[in-house]
Structure formats: structure tokens, C-alpha cells
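A.B. asks: Quick one: structure below, then a few questions.
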Amino acid sequence: MEYQNRLCSHTSASQKQREWKPLEERSCTDIPWLIIFTLFCFGMAFIACFSVATGAGSRLISGYDSYGNTCGKNNNKIEGVELSGRDQTKNKYVFFLDPCNIDILNRKIRSMALCVSQCPDIELKTYDDVRRFALQNGSALCSYDIPLSKYKSHPELTTKCPKLPVPASKSLPIFNRCTPTDISCFTHFSTAAFVADNSTLQSVVAGVMASKEIIMGLCVLALVLSMILMVAIRYISVVLVWIITVLVVLVSIGGTGVLWWLYADHRMNLSDLTSTLTPQQQVATGNVQALLVYAIGATIFTVVLLLLMFFMRKRVALTIALFHVAGKVFIHLPLLTLQPFWTFLSLMLFWVSWLAVFLFLGTAGSPVQNEVTGLVEYRISGPLQYMVWYHAVGLIWISQFILACQQMTISGAVVTYYFTRNKSQLPLTPIISSMVRLARYHLGTVAKGSFIITLVEIPRLVLTYIHNQLKGKENACARCMLKACICCLWCLQKCLTYLNQNAYTATAINSTSFCTSARDAFAILVENALRVATINTVGDFVLFLGKVLVVSFTAFVGVLSLNYQRDYTVWVLPLLIVCLFAWLVAHCFLSVFEVVVDVLFLCFAVDTKHNDGSPGREFYMDKALMEFVEDSRKTAGQKRPEGVGDEREMKPMVS
């Protein structure tokens with residue numbers, strides 16, 4: 001009996017020791033959360049079906065006039081609206097009396113709308129031209145209650161007839177709205193965008209149109225550069241990291257020296273002045289005191305920085321090794337470079353469908369007559385308001401779910417790579433295998449992790465919206481509190497996102513639930529806090545410089561290319577478009593690289609915690625990481641373990 005107890009205790013202890021190992025046989029995790037997320041998606045589908053079934057789609061596509069009539073169909077009478085219920089079968093286009101009167105804040109055109117049979121294709125300068133156009137084409141451009149004979153003498157011409165001159169317009173391909181053909185109509189937008197005058201706006205737009213081929217080519221160049229950088233960074237990481245380290249130290253020491261020199265110089269000049277305090281001397285005294293404070297603060301910062309650099313110099317070597325191994329990962333797993341494409345495509349498809357349903361919901365309300373203008377507007381009321389909020393939460397949760405699926409897929413593939421000693425025995429497509437494991441076992445974990453991010457992001461977005469709406473109205477204290485809350489929520493979201501990423505990696509290793517994985521990952525991160533800090537600071541700065549490199553090179557090639565384009569003189573907007581796209585592309589690709597480095601670090605931490613390189617407890621790590629461990633042991637005076645281990649070797653994920 002005592003032998004059985006010892007055997008059971010030894011077995012339980014062995015199970016605890018074998019906790020961190022990649023499992024071959026997996027089980028489904030966080031099933032209740034998968035059920036909740038599935039029910040939530042059914043709710044989103046119900047809202048989509050309801051918004052389309054209520055007939056709001058016809059109002060969205062065909063448009064409606066200011067009296068509640070849908071263009072292109074026979075309408076029912078709206079109680080209390082005299083000009084509603086008209087047969088607009090022949091009038092298929094929406095015409096705005098003043099299309100340039102744009103409310104930028106509320107993002108809508110502040111103008112009466114009418115259903116017409118034809119958009120004016122020429123400029124109409126007088127009401128005689130408007131009347132002549134109506135007689136020739138049968139398309140009346142004034143309100144329905146104004147007869148053609150009163151187009152010159154009606155007392156409400158300024159409110160119920162188009163503003164002169166009426167610009168030439170044409171209908172949009174799908175949405176039948178008459179849109180002015182001349183871009184100069186939208187000078188309000190140019191004002192909002194800080195464009196000084198109309199001619200500048202026209203020249204900028206002309207520049208974009210004339211250089212569209214160059215812009216497309218430069219965007220492709222940015223894409224290629226980002227993909228090359230992901231692989232090439234393994235070769236330049238050593239030089240790049242140490243250059244950054246030296247530059248930071250030199251700048252800190254140099255800045256501190258300059259501050260002390262300025263303080264000494266100002267103090268000497270102050271001692272040469274007379275003893276009588278003048279306003280000028282008071283300002284000089286304040287400057288000397290401020291320089292002293294700055295110099296002391298810079299000195300403290302430099303000393304702390306130098307101490308950190310000294311004690312963390314070995315951990316900088318770990319960052320270099322991880323970057324080197326990450327480059328190898330992309331060589332062995334080339335499909336990782338396609339992850340941003342699939343994620344972007346999934347997000348775009350979801351966002352387009354979400355926006356379509358949102359627009360359907362926006363026109364699915366009940367017609368309400370405005371008490372001031374007497375015009376009809378469709379407003380959401382009752383249960384529809386809750387549908388809109390439900391739909392808004394769905395935008396955040398499902399978007400975070402898609403991003404989390406990418407993180408889990410990358411984690412699973414990198415874990416497979418790390419814990420497979422013989423890289424020739426890797427699965428044919430580790431990315432596809434990781435996707436299959438995600439879909440089969442871990443969708444619930446991803447749903448739970450993305451929901452936690454959603455819980456933090458919703459109040460942050462609400463507070464941001466309130467802050468924007470109350471600009472200039474709230475007092476300084478309220479503004480400061482709002483900004484502080486928004487900043488705290490943003491920091492919390494970033495911390496949770498990082499913890500979620502490591503929790504997904506722990507799930508990919510152990511097939512444990514989200515909470516268990518997050519707890520285990522957090523414990524590992526706390527044990528390696530200095531290493532985490534080094535990787536997140538040095539590594540993030542290196543990746544930031546990589547993004548700057550892609551943008552700078554793309555902009556340089558853009559300047560050389562646009563120099564041969566003589567059709568226009570304004571280069572600002574084409575270069576801004578190219579640089580923005582280059583930054584977004586570099587961010588997407590290098591974010592994948594960052595995730596790979598984080599996953600490799602957690603695998604490395606688990607590997608060094610449960611293995612020591614002795615027989616039976618061999619490391620799984622790459623040669624570059626092995627060299628880092630050996631150098632650390634030599635520095636610490638430790639010997640390599642010899643002898644037979646306790647056979648706690650972790651199993652690889654692949655069979």
C-alpha cells in the first residue's frame with residue numbers, strides 16, 4: 001500500500017513536471033464560449049436578414065426624396081405629408097437642390113432631395129434654363145408643388161428650386177444619385193482638408209489621376225520590400241541592434257552634456273548682470289533653474305539607462321538570436337508571408353458586409369416629419385436602436401476574432417517548427433495544419449480572448465466619441481479625466497492583447513483553456529521579465545526602423561519616378577498615398593514578424609525551464625539560441641549537465 005502511494009505521488013509529480021509539452025492528442029477548449037460566439041453570430045445574421053426583408057434595401061439603393069417617396073416605384077401615402085404617396089416609377093434618380101451644401105460633421109448633404117427622370121447633363125445658369133430643361137426632358141428640378149409656369153415668380157424658389165447655377169451631373173453606377181461632374185463643387189471638402197483654394201485641389205487630384213500607374217507600381221514595390229525585409233532582417237539584426245544601442249547611449253550622454261554646458265553658460269551670464277532684478281533677469285533666472293532641473297533629470301536618466309544597458313547586454317544578444325531564428329522560420333514556413341493577405345481579405349469582406357447591413361438598418365426606420373423644415377426623414381426607433389448597438393458590438397468582437405485567429409494560426413505553426421528537432425520532418429504545410437487544429441479544437445479559446453479585448457475596447461471607443469462630441473464644451477478637469485480614462489483603457493488593451501498572444505501560444509503548446517493558458521504564460525513572462533522588457537523595447541524599435549526603411553526607400557523611388565512626370569506640379573498627395581500604403585504594408589508584415597518573435601521567445605522560455613541539454617532532456621532550440629545559452633553558462637561559470645536525465649523530454653507536435 002505504501003509502495004502504491006509512492007508510485008501514485010511519483011506519477012502525479014511526473015504529470016506536473018510534464019505539464020508544458022506540445023500535445024499530439026488534443027481536446028476542444030472553451031466550448032461554452034464557442035457556443036456563445038455561435039449564438040452571437042446567429043444574432044448578427046438575423047439582423048442582416050431583418051434589415052433586408054423590411055424593404056429598406058430599395059430605399060438605400062434607389063434613394064428617396066424629402067417627402068418619403070422612394071424613387072423608381074409607386075409609394076404609399078405617409079400620414080400628414082401632403083406630397084407623399086406619389087408614383088415615382090419613371091423618376092429613378094435622386095436630385096439634390098444644393099449638392100454642395102455638405103454637413104461635414106454629420107456626414108450628409110443638407111439639401112432637399114427630389115426624384116427626377118434625368119440628371120441635368122449641362123450647367124443651368126438661370127431658372128429659364130431650368131424650365132427649358134424640364135420641358136425638353138420631362139424632368140422637373142423644382143419641388144412637385146411648383147408648376148412649370150411659376151419657375152420664375154414663385155415665392156419659394158430659393159427653398160424649393162435648385163441653387164443657381166445648377167452644375168452638370170451624372171448618376172452613380174448603382175446608387176441612383178445625381179452627382180456633380182465638376183470636382184470644384186466640393187470646395188467645402190477642400191477647406192476641411194486644409195486645402196487653400198479650389199485650384200490647388202484640382203491640381204492635386206489631377207496629379208493623382210496622372211500618376212496612378214506610378215502609384216500602383218510604388219505600392220507593389222512597398223509590398224515586395226516588406227516581404228524581403230522579413231527574411232533579410234535575420235542577417236542585419238546584429239549590426240542594427242548594436243548600432244541602435246550605441247546611438248541611444250551617445251545621444252543620452254551628449255544630450256546630458258549639452259544641458260550641463262547650457263546651464264553653466266547661462267549661470268555665468270546671469271552672474272555678470274547687475275544685482276537689481278529686472279524682468280529680463282527674472283526670466284534668465286527662471287531659465288537657469290529650468291536648465292538645472294533638466295540637466296539633473298537627464299543625468300539620472302542617462303545613469304539609469306547605462307546601468308540597464310550594462311545589466312541587459314546579454315539579453316540584447318537574446319533579441320538578436322530570436323530575430324535570426326525568426327528569419328529561418330519564414331524560410332521554412334513561406335506561407336507565413338501570406339497571413340496578412342488572408343487576414344486583410346477576411347476583414348475587408350466582413351467590414352463590407354457589416355457596412356451594407358448597417359446602411360440597411362439606417363434606412364429601415366420609420367418616416368418622421370421634421371418639425372422645422374417639414375421634410376421627411378427615416379429615423380430608427382424602438383427595438384431597431386438595440387439592433388444597431390448589437391450590430392456595433394459585432395463589428396468589434398468579430399474583427400478581434402479574425403485577428404485572434406491569425407495570431408493562433410501563427411502560434412500553432414511556429415510551435416510546430418520550434419518543437420520539431422529534425423526540420424526535414426516538418427509537416428508539408430504547417431500553416432494549414434495549424435488552421436485545421438484551430439478550427440477543430442480552439443475556436444472557443446479565440447472567441448473568449450477576443451471578447452475580453454472587446455470588453456475593453458467598447459468603453460474606450462465610447463469615451464473617445466464623448467470626448468469628440470464635447471470638444472469646446474467641457475471644462476478642463478472633465479477633459480483631463482476623459483483623456484486619462486481613454487489612455488488607461490488603451491494601455492490596458494495593449495497589455496491584454498500581448499497577454500492574449502502568449503495565451504494562444506500556450507494553448508498551441510498544451511491544448512489548455514484560455515484562462516489556464518493565460519495563467520501559465522503570465523507566470524513564464526514574470527520569470528523572464530527583464531528578457532521580455534529587452535525584447536519588447538529593442539525588438540520593437542528595430543521593427544520600427546524597418547518600417548521607416550520601407551517607407552523611406554519607397555518615397556525616394558517615388559520622388560525619382562514622379563520627377564519624370566511633367567503633367568502636373570503637385571506631388572504632395574501621390575507621395576502621401578504611397579507613403580501611407582507603404583507604412584500600412586510594412587506594419588502588417590512586420591507585425592507578423594513580431595508575433596513570430598514573441599512565440600519563439602515563449603517556446604524558448606519553456607524549453608530552458610524544462611530542459612537543460614543533458615541526455616534525455618535535450619533542448620529543442622535552434623543553433624543560434626543554443627549558442628546564446630552556452631555563452632550565458634560560460635559567463636555564469638556553470639558546466640553543461642552530464643549524465644542521464646529523468647526522461648521528461650517533451651514530445652513534438654507532429655507524429
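Positions of Cβ are set from backbone N, Cα and C atoms, glycine also.
TrEMBL feature annotations, pasted as is:
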REGION    631-655  region 'Disordered'
TRANSMEM  31-53  transmembrane segment
TRANSMEM  214-233  transmembrane segment
TRANSMEM  239-263  transmembrane segment
TRANSMEM  291-311  transmembrane segment
TRANSMEM  317-336  transmembrane segment
TRANSMEM  348-368  transmembrane segment
TRANSMEM  388-419  transmembrane segment
TRANSMEM  541-562  transmembrane segment
TRANSMEM  568-590  transmembrane segment
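Can you tell me where each of these features sits in the structure?
C.D. replies: Sequence-distant contacts of the transmembrane segment (291-311) (same chain, at least 6 residues past either end, Cβ-Cβ under 8 Å): 245, 248-249, 252-253, 255-256, 259-260, 262-263, 266, 530.
Tertiary neighbourhood of the transmembrane segment (317-336): same-chain residues 230-235, 237-238, 241, 410, 413-414, 417, 423, 426, 429-432, 531, 534-535, 538-539, 542, 592-593, 596-597, 600-601, 604, 621-622, 624-625, 627-628, 631, selected by CB-CB distance under 8 Å and a gap of 6+ residues from either end.
Listed as Cβ neighbours of the transmembrane segment (348-368) (distance under 8 Å, sequence separation of 6 or more from its ends, same chain) are residues 47-48, 50-52, 54-57, 59-60, 64, 68, 78, 81, 84, 376-381, 384, 387-388, 391, 394-395, 398-399, 402.
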A.B. asks: How about long-range neighbours of the transmembrane segment (214-233): same chain, 6 or more residues beyond its ends, C-beta under 8 Å?
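C.D. replies: Cβ under 8 Å, 6 or more out: 208, 240, 323, 326-327, 330-331, 337, 542, 546, 549-551, 553-554, 557-558, 561-562, 565, 574, 577-578, 581-582, 585-586, 588-590, 592-593.
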